[in-house]
Structures are given as C-alpha cells and as structure tokens.
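Below: the structure, in structure tokens.
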Amino acid sequence: MIYQGETLSVSYLENGIAELRFDAPGSVNKLDRATLLSLSEAIAALQQQADLKGLILTSGKDAFIVGADITEFLELFDLPQEDLLGWLKKANDIFSAIEDLPVPTLSAIKGHALGGGCETILSTDFRLADTSAKIGLPETKLGIMPGFGGTVRLPRVIGADNALEWITTGKDYRADDALKVGAIDAVVAPDALHSAAVQMMKDAIAGKLNWQSRRAAKKAPLRLSKLEAMMSFSTAAGMVAAVAGKHYPAPMTAVKTVEAAAGMSRDEALVVEAQGFIKLAKTDVAKALVGIFLNDQHIKALAKKAAKQAAKATRHAAVLGAGIMGGGIAYQSASKGIPAVMKDINEKALALGMGEATKLLNGQLEKGRIDGIKMGQVLSAITPTLSYDNVKHVDLVVEAVVENPKVKAAVLGEVEGIIGDDAVLASNTSTIPISLLAKGLKRPQNFCGMHFFNPVHRMPLVEIIRGEQTSDETINRVVAYAAAMGKSPVVVNDCPGFFVNRVLFPYFFGFNKLVADGADFAAVDKVMEKEFGWPMGPAYLLDVVGIDTGHHAGDVMAQGFPARMSKEGRTAIDVMYDASRFGQKNGKGFYAYEQDKKGKPKKVADVAAYELLAPIAKPKQDFDKEAIIAGMMIPMINEVVLCLEEGIVATPAEADIALVYGLGFPPFRGGVFRYLDTIGLDRYVAMADQYADLGPLYRVSDRLREMAAQGKTFY
C-alpha cells in the first residue's frame, strides 16, 4: 500500500503500475475538500516512488466521481476573494501534479465522471471508459464554470468548438459520443475495463502509445489560427447570447475565459480560469442556482425518508379519467416501472390517453433514448379499460376526472367501495379542497391530493396535499410513488388552491390591477419575461393555461380568500372570458394565434383585445419596469410568505422548489425566499409599503416586518 485515506487509496497492481482508487464511505465519490486533501497526499506519496512506471485512476463505486461536493459551495463562495483563489490554486496544483508525474497516467471510467470528476480524468494522459460512462462539465447549470482546469484542458483535448459546446450547455455525454470527439480514447464492456486499462498502460510504458506528446499538447497553447479563433469564439458567443441571455452570465464568461487563455500555456491559462470562476462564484445567480440544487436534494431526501417509513410500496396503480392528463400520468407511471390501469367511461377518452402515451414514447424513440422493446414494455404496462375489474387490486388510485367537486366526489366514492381497505386514493385537483372531497369517503385517512402539472411528462413538481384526516402512512406512500415516477413531491396542507395556485392568483390580481390602471398587457408581458425572467408573461400564460380555466380558478380563490382576493369590479380576465376568448385553445385570448411552420400556435397582436379592454381600463399610460415588477410580484411574494407562516408549506426550501418546478419562477432568482434574502427583507418591506394602498395583497405581514427589522433571513 502506497497510501491509504478515508476516500481513496493507492497501491501497486503489477510491474510498477499503481492504482489510485476513489472509494468514499458513502454511495458516491465526490471531490469534497477532504478528498482533495487526500488526493494531494496520495500524489505526494507517488512522487516518492522510485519504482513507479504508470498510474491508473479507478473507482470502487458504480460512478467514477460525480463531481465536487455542492453542499460545500455556498460556504466556499462566501470566502474572501483571496481565500477562494487560494483554495482554487491548491486544488489545481493537485491536478497539475497528476499531469506532471514522470510516468504515463490513465483514467478507467465507469458511470458518471462529471464536473470535478471530468476535470480529474482530463488531467491524465489517457481516458478509457466502459459503456456505462457519462462525462460532462455541468458547472454552468449552477451559475459557475469549471474551476479545476476544465476550460483549459478540454479545448486542448477535443478542440475549441466541441469544448465550448460541452462547457456552455453543461450537458453530459455517453461514452460513444465522448469517443467521437476524442474526449475518451476507447470504450470497452464493463467487465473488460480493468484488464483493458492495465493493457493500455503496459502499451504506454512500452512506448507503443505516445503519452508524452499527448501531455505536451494539453500544456501548450491552443492550436488555432487567428481566423479559426475568431470564428470559433464569435460563433460561440453569439449562440450563448441567444440561448442563455443576460440573466445567466456563466456560459458567456466561460467562452471569454477559453478565448482569453487560448494563446497561453497551461499554468497561465489556469490563472485566467480561476479569475473567471471567482467572478461567477460571487454572483447572486450562482448562489440561487446552487440553492435550487440543494433544495432539490432536500426534497429527494424527504422522499427517501417517506419511502422508508411507508408500510407498503406502490406496485400497481390506477388512473381514473383518461384523456391527455390521465394518459400523461399513466405513461409516467408505466415508464418508471409501475404498471397502471387507465379507466374511463368513454372509449374515445381511452384512445386519447393511449394516444398521448404512444406520442410521448415515439418522441423518446426518435431521440434514441429508448428502443422499440422498451416502448412495447411501457405500452403493455398501461391497461386501458371501461370497467373497474382491473382496478380492484391496485395499491394506489389517482383520480383525474374533470375539475368539478360533485363529479370528483361521486367517482371517489364509487372507487373507494371497490378497492382494498389499505389502498390509497389520491385526487389530481388544482383547486378543490381535499377536506371537502373527503367528506363523502368512508376512509378519509387513506385519501389525499396529488396535483400534477401539465404537461405531466415535462413538469417535475407534484403537490401532495394533506387533508384534515389524511394519515401519515397515506402521505408517505403517495410521496414515495411520486418520487418513483421521477417527480419532485412537495407536501402541502389543504387550503383553496393549495400552495402553487394560491400564490399564482395574487400575481394575476396584480396583472388585472395594472391593466385596469392603463398598462399595456403586452408591455407587462415583456417586462416580466425579459427583465424579471419568467418563461411567459401573465397575459401569455393565461392564454396558454386557458382563460376559462384561469377564470374558474380565480372565482374559487376569491371565494376562499374574500378579504384579499375578491374582485374589484370586472377584470381583464373577466372581459376575455365573457368574450369567449379562451386563449390558445380557441385561437383568441389576450393575443390571437396562428400556426407556425411546425403547426404550433404562434401569438400575434390583436387590436380586438385592446378594444374589449378599453371600457374597464383607465387611459393608456406607460409604467416603468420597476413599477410593473412591483405591481406583479408583491402580491405573490406576500402570499408565499403567508403560506409559510400558516404552515401550508413547511420550509422555504420546499416553497422555492415548488415555485421553480411548478410555476417556472426564474431559476436565476432561486425562488421567492432566496430572492427576498438576496434583495434584503428591509429593502423589500420598504418597497412593498409604497404600494400598500393598492389593497390587502400588497401589505406585508407583521412577521415579515419583524424579521426585516431584526435583520433576519430565510436561509
């Protein structure tokens, strides 16, 4: 044994070939600070080995190294700039020391080698992967960029164009795709990885593979002419500007870093990379995106805990109500290995549901994500039926019929009499209180809400709603089922609109108010999209969701919270609804819709919408972006805070994940609570107070005012 640490060890295999094996105590290998220290000590020990002829990096886990330890990031980002630079330099000295060993080096890669894991393998001369390998640099998704030499070594290994695509998109690549661009040198079967790595190393030691020239290229300036450099970097910058936009600085900073370091040696280029990394690490965007990752991990941990505590796992499920939504839920369940019965009273609805599942699977097939066998397996795991016979023995039923309390109550009561006493019932409802639906049930403890978002296959959030009598066992089983479906379940307590819709409608209230005061709805959309960062502005969102749906939900919210959410006369949404302008579904809403070349709806301005709104609005006036953002966001933020105070949602982390995953709250802002911490509670309260005369939704709670006065934060 040359070296033994807690997370890695070094020992000789044969003939002077040493193996550095990453094998942390947990389920995965991470490059945390402790592992970096061990790696430094291990390389120092190797440097003293007179008999060393070659080094192979391996992993004792299913994955090579999944990346740096992101739980350490926020603490690191808060370090003074000099200390952060010192940490980066020490880390990079380790990878440079691997690269500078006087013997050939090779990485034997299985599973994920991401982020710091990818940068580790780039420090070796050769990279051999098995078919399970996935390689990539996802740092830009966290608002930062590679900091352990990724922007320096990858362009010198696979060329500037390929490297810029890898770094700016943050995608991970399968072994065969990585092989095509030269990121790895060969791909072998998993059971051949070790023997192939040893043989490859023997060939390098024998001089059959020129490891010295490989290494020299990585340490030298990029081989690009002035014209090639100009074309590569200007093209990359243009694409990044179009895709990432101004709110996500990491991809553009990465492009500029690679460009600035193109003519430099390795050591000079690493200094430039460190400067870019630190610049990004100090941004609010990085803290927000890392915060989302950590919140997501928190949600996953809660779901794992629920699965452990559940007395029974869901092996068979049923969906009541087919169509697009029911078909989407059945598909999601079946695609994750949980067979689903899809029951409806209408043959056409069943055909629509199966059609939806088939369409989604065809999309996966065309992208090469599944093969025909997998498609057949998933489709055969969905059983469409007009009768309850196949529903009798399922573990869990998701009711997904029309959003009508009477219809839902009737269906729930009917199916409860058919399923087993320990089977769980869940209602996919967006606004109807769960405790109301539970009133007609004999086993209300086995019932909860399970609110999916449309489209089901794409939206990660599922709201799990606890009714007054819902048992912990029911919640645990439904949370575990949602997680098994690949979703992010957030448990909320029962109230009109639950959490997501309850906080969305104050936002629409703000929209109605702005339009009534003379704002141009298209200008409001533009500000909320381009400046605040929502994927869609409020008018466009209403058109996409359906103005009839929004109108109905708005009435439910007004009844549920009359003191705050009752209407002040006819609203912009009322006007569109009364004119039967329901949005994309019938081609006219706030905008008119035409089909683009792909047959998808494309919005265009429509004078008729403005004419309809004129009687309920003051004369048109321009609002600056600050006034529009304040008018839209203060009602939502205040309602989110109230939901936390009332215990509707348990933690700021769960609230922020629900907002980002369920509503598309701008990820670079991290969610409402991260946003409040970023701008400062005192500053927010002062801003909201300027709008307090607009109504109850604009008035901050006493608790929030108290927190602001005490200088507190939510995280």
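In case you wondered, yes, glycine gets a Cβ from its N, Cα and C as well.
Now, the feature entries from Swiss-Prot:
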REGION    1-189  region 'Enoyl-CoA hydratase/isomerase'
SITE      Glu119  site 'Important for catalytic activity'
SITE      Glu139  site 'Important for catalytic activity'
BINDING   Asp296, Asn501, Tyr661  substrate binding site
REGION    311-715  region '3-hydroxyacyl-CoA dehydrogenase'
BINDING   Met325, Asp344, Val401, Val402, Glu403, Lys408, Ser430, Asn454  NAD(+) binding site
ACT_SITE  His451  active site, for 3-hydroxyacyl-CoA dehydrogenase activity
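Location within the structure of each feature annotated in Swiss-Prot.
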residue: Glu119; record: site 'Important for catalytic activity'; Cβ within 10 Å: 28
residue: Glu139; record: site 'Important for catalytic activity'; Cβ within 10 Å: 28
residue: Asp296; record: substrate binding site; Cβ within 10 Å: 17
residue: Asp344; record: NAD(+) binding site; Cβ within 10 Å: 23
residue: Val401; record: NAD(+) binding site; Cβ within 10 Å: 24
residue: Val402; record: NAD(+) binding site; Cβ within 10 Å: 10
residue: Glu403; record: NAD(+) binding site; Cβ within 10 Å: 16
residue: Lys408; record: NAD(+) binding site; Cβ within 10 Å: 23
residue: Ser430; record: NAD(+) binding site; Cβ within 10 Å: 20
residue: Tyr661; record: substrate binding site; Cβ within 10 Å: 24
Lowest local Cβ density (other Cβ within 10 Å) among binding-site residues: Asn454, Asn501: Asn454
Distance from His451 (active site, for 3-hydroxyacyl-CoA dehydrogenase activity) back to Met325 (NAD(+) binding site), taken between C-alpha atoms, in Å: 11
Cα-Cα distance, maximum over Met325, Asp344, Val401, Val402, Glu403, Lys408, Ser430, Asn454, record's NAD(+) binders, Å: 20
Glu403 (NAD(+) binding site) to Asn501 (substrate binding site) - Cα separation in whole Å: 14
C-beta crowding around His451 (active site, for 3-hydroxyacyl-CoA dehydrogenase activity), within 10 angstroms: 24
Among the substrate-binding set Asp296, Asn501, Tyr661, as the record gives it, the longest Cα-Cα distance in Å: 20
Surrounding CB atoms that lie within 10 Å of the CB of Met325 (NAD(+) binding site), all protein chains: 21
Three-state secondary structure, which DSSP defines for Glu119 (site 'Important for catalytic activity'): helix
Entries of Glu139, Val401, Ser430, Asn454 which, being recorded positions, have CA atoms within 10 angstroms of Asn501 (substrate binding site): Ser430
Asp296 (substrate binding site) to Val402 (NAD(+) binding site) - Cα separation in whole Å: 31
Rounded inter-Cα distance in Å - the residue listed as 'active site, for 3-hydroxyacyl-CoA dehydrogenase activity', Ser430 (NAD(+) binding site): 6
Shortest C-alpha distance to Val402 (NAD(+) binding site) - which of the recorded positions Glu119, Glu139, Tyr661: Tyr661
For Glu139 (site 'Important for catalytic activity'), the one of Glu119, Asp344, Ser430 that lies nearest, given that the recorded positions are compared by Cα: Glu119
